[in-house]
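Database features (TrEMBL):
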- 20-44: transmembrane segment (TRANSMEM)
- 56-82: transmembrane segment (TRANSMEM)
- 102-128: transmembrane segment (TRANSMEM)
- 148-168: transmembrane segment (TRANSMEM)
- 188-205: transmembrane segment (TRANSMEM)
- 225-251: transmembrane segment (TRANSMEM)
Amino acid sequence: MSGVQFFLKPDFTHMTANTILITLGQAFFSLSVGISVMVTYSSYLDKSVSLPQSAISVALMNVGVSLLAGLAIFPAAFSFGITPDAGPGLLFVILPSIFNQLPFGTLFFVIFLLLFLFAALTSSFSMLEATVAPIMSSGVSRKKASTWMGILIMIMAVPSALSFGVWNDLHIFGLTFFEFADYLVSNIILPIGALFISIFVGYRLPRQLLQDEFTASSHFGKKMFIIWLFIIKYIAPIAIIFVFLSATGIFKIILNIKNTFQVATAT
């Protein structure tokens with residue numbers, strides 16, 4: 001039960017501004033915010049589908065799946081004396097050793113890998129679609145755009161896969177290629193992409209167009225639209241900038257400079 005308590009029982013002593021920013025950064029990754037995946041998919045929806053209700057449903061389903069995954073992984077990790085902060089190694093290195101010690105572990109491990117493969121493929125499809133859609137808008141066929149982008153992404157993914165094997169000793173700024181790519185995408189590309197999207201939607205798109213799309217086939221009226229638009233224009237960009245500064249360590253650098261300056265002036 002220690003794993004369940006660790007996962008579900010809140011410890012507010014660890015809740016700081018930094019942990020909140022880390023949580024917001026995780027939301028960028030888990031919901032693919034900042035790389036236009038949800039924007040691309042929503043462009044395919046019929047006018048009878050409510051965009052706000054669909055967005056809420058996606059977010060709730062994501063939370064539900066995350067809870068199920070946490071209830072499966074963390075109790076298993078604690079039962080075998082594994083710390084929960086193992087990072088990517090928890091999935092690719094530690095979990096296989098856990099399955100190896102369970103009855104019928106090989107069978108369950110194969111099922112787990114098949115499910116993980118399904119999750120990876122569906123995520124890959126969404127990432128691929130976000131790059132294929134703009135290429136198709138320029139007149140290129142879906143088949144050609146999907147083929148060439150799929151080949152390009154596969155080639156770019158090879159170093160990440162090899163960083164768990166023969167390229168394990170290859171480091172970029174002290175990180176393996178997989179860790180470097182994860183840091184680059186999660187902490188830099190996603191927040192910057194989300195910032196550009198929020199600015200473009202809030203300040204470049206016509207207000208009437210946004211209101212029509214927001215309220216079409218929806219229970220949300222004009223008042224809710226005004227609140228949403230205010231968040232997009234003013235709150236979201238500031239929050240995203242804070243997430244970016246925290247994730248890239250710029251906040252720590254500024255704090256260290258401030259402390260150094262205070263010590264220097266005090267002496």
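Placed from the backbone N, Cα and C atoms, the Cβ positions cover glycine too.
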(request) Determine whether the transmembrane segment (102-128) and the transmembrane segment (56-82) share at least three Cβ pairs under 8 Å, counting only pairs 6 or more apart in sequence. (result) no
(request) For the transmembrane segment (20-44), could you work out the same-chain residues 6 or more beyond its ends whose Cβ comes under 8 Å from its Cβ atoms? (result) 51, 54-55, 58-59, 62, 66, 126-127, 129-130, 133, 185-187, 189-195, 197, 239, 242-243, 246-247
(message) Checking distant contacts: for the transmembrane segment (148-168), what same-chain residues at least six beyond its ends satisfy Cβ-Cβ under 8 A?
(response) 92, 124, 127-128, 131-132, 135, 176-179, 181
(message) Let me spell it out: take the transmembrane segment (188-205), skip the flanking residues so only those 6+ beyond its ends count, and list any with a Cβ under 8 Å from a Cβ in it.
(response) 25, 28-29, 33-36, 39, 229, 232-234, 236-237, 240-241, 243-244, 247-248
